[in-house]
Amino acid sequence: MKLLAIDTSNRPLSVAVLADQQILATTTTNVGRNHSSTLLPIVERAMTQSGLEPTDLDRIVVAAGPGSYTGLRIGVTTAKTLAFTLNKELVGISSLAALAANVVTEGQLVAPLFDARRDNAFAGLYRIQNQRPVAVIEDQHVSVAKWAAKLATYNEPIVLIGTDVQKYVEPLRAALGDRLIRARPQLDLPQAGVLGLLGQTATPVANLHAFVPNYLRLTQAEHDWQAKHPEKDHAPYVEKI
Amino acid sequence: MKKQNLILAFESSCDETSVAVVADGHQILSNVIATQINSHKRFGGVVPEVASRHHIEQITICIESALEEANVTYDDLDAVAVTYGPGLVGALLVGVNAAKVVAYAHHLPLIPVNHMAGHIYAARFVKPFEFPLMALLVSGGHTELVYMQADGQFEIIGETRDDAAGEAYDKIGRVLGVSYPAGKEIDQMAHAGIDTFNFPRAMIDEDNFDFSFSGLKSAFINTVHHADQIGATLDKNDLAASFQASVVDVLVSKTHRVLEQYPVKQLVLAGGVAANQGLRERLQKDLPTAFPNTELLLAPLKLCGDNGAMIGAAGYVQYQHHQFGDASLNADPSLEFDWMPGMVK
């Protein structure tokens, strides 16, 4: 199986081309949020280096969220449109799970975290089982304080992973004490090669048109509107004219 | 028969996702438009994050429908065109990234199109352009006079210094209790009313080609609030008629002023507010007598709002000039035409 994997969920950008279990080419950057400009050139180069044409691909795997809304849309629009236009399979993998999969210690609890600003985070808890991250607490948008308290109920070491962990390391350490294990810096960046391997065995999306990022949050405007209009529904929101 | 050049054109700058197939820049084979109006009505205006989310829901559906309705395959296409600005950045990004991927996947050239150029070229579906040409571009985000020496050359001669005309419509619409987008309903109300309030015609006598609509908006709101305070009831149709009369007077008189200084073969009216019947009727009535040598080209009603076909028409000009973008094309939310050299802004 020839596969292209893309992760632009946050500031890091990672692209990989795989043939079955083999990573043919991969690029990861952590230099900025200009993914709209940089993603496709990096994809093109990875494909060329791998000696592949777009039509040679069997499957596109994308980190589907949570993360930066704009970052997610760039990756998902690219992956979704590529899969659609070439009639290929599309797989979405949790951006947090993809990061957790950098840890390979069997049985280990891993807590990947992305900053969601104002002392909130996108976070999930995973256990590495049979070399894959298995969700223990599902991905959520949560206050860091609440998240620290949830993690503290597990009486075993937890690997905290992600470049944003540093920002909240103090409250997390206060809750977890020496059960908190900080991941090595090289593991903090998502690796599309790892994402691709996870995506290889996952089930492709059945309805490609309906595939959207997993934002994990309603927009503020929709949230406020629903609070004021619990009974109302304006749907369909989008109409063909 | 000479082979036609087919362009697959993307538009996602605001609250419409649209993909079209256009032949030779002037024949619409398909023009699929998914509008989000019903969603943004909830909020009284376009919420950028909501708009961006809808675009990604719609984009592949629109591509599929556009190809099906045009009855073409990717092999039939010659290029991919896309709006890359101006507009809402999150919304633009969906179209830009989708268009880049289609171009990459099928080895097609990519044409980055200015959204405002697209609006002007909506009038190209009426008949070929003759130059020099002047365009009065009026929409929710822009109000400007654009001079064209030739295909693909755009120079701004005048523009609004504050609100766009369409923006003013939406704002007074809120005061009148008209739901977003207010333009069409206010236009209809205006036709049922009389201009009795004599709202100001801002900058109408100034010796420049710029517009201002925020003063009009304030005058309108003050009038309504004052009436509310003293318990008077104003005729909403007359309010709408008075507002629209001011907008149309300003737009048309500035256009006359510009045409006196820049004799052109055609005047194009385009942009979302170009669908306004009051504005269309006034130009149709005034222009032939005032400027008998200038032909009026009104963008077709169906193509005044945002749509992919107009992007295909503008993109075709760039296709002929080989003005292509590459895989690094990004959205440019504040993309602008240049100002005409020598014009003092």
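One-based numbering along the chain as shown.
Here the Cβ of each residue, glycine as well, is placed from N, Cα and C on the backbone.
What TrEMBL says about this one:
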- B:27-312: domain 'Gcp-like' (DOMAIN)
- B:His115, B:His119, B:Asp306: Fe cation binding site (BINDING)
- B:Leu137, B:Val138, B:Ser139, B:Gly140, B:Gly141, B:Asp170, B:Gly183, B:Asp187, B:Asn276: substrate binding site (BINDING)
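Of all Cβ atoms in the shown protein chains, 27 besides its own fall within 10 Å of the Cβ of B:Asp306 (Fe cation binding site). Between the candidate binding-site residues, B:His115, B:His119, the densest Cβ environment within 10 Å is the one around B:His119. The Fe cation site is set by B:His115, B:His119, B:Asp306; from the centre of their CB atoms, other residues of the chain with a CB within 8 Å are B:Glu11, B:Ser13, B:Cys14, B:Thr83, B:Gly87, B:Met116, B:Gly118, B:Ser139, B:Gly271, B:Gly272, B:Asn307, B:Met310, B:Ile311. Cβ environment of B:Ser139 (substrate binding site): B:His119, B:Ala164, B:Ala165, B:Gly166, B:Gly271, B:Gly272, B:Val273 lie under 8 Å away, each six or more residues apart in the same chain.
Per-residue confidence over the domain 'Gcp-like' (B:27-312) averages 96 (mean pLDDT, predicted model).
The least crowded of the binding-site residues B:Gly141, B:Gly183, judged by other CB atoms within 10 A of its own CB, is B:Gly141.
Under a cutoff of 8 A between CB atoms, and with a sequence separation of 6+ in the same chain, the neighbours of B:Asn276 (substrate binding site) are B:Val138, B:Gly183, B:Asp187, B:Gln244, B:Val248. Its Cβ taken as reference, B:Leu137 (substrate binding site) is surrounded by 27 other Cβ atoms within 10 Å in the chains shown.
Taking only the Cα positions, the spacing between B:Gly141 (substrate binding site) and B:His115 (Fe cation binding site) is 11 angstrom. Site extent for substrate: the farthest pair of Cα atoms among B:Leu137, B:Val138, B:Ser139, B:Gly140, B:Gly141, B:Asp170, B:Gly183, B:Asp187, B:Asn276 sits 18 Å apart. The separation of B:Leu137 (substrate binding site) from B:His115 (Fe cation binding site), Cα to Cα, is 11 Å. In this structure, the CA atom of B:Leu137 (substrate binding site) is 13 Å away from the CA atom of B:Asp306 (Fe cation binding site).
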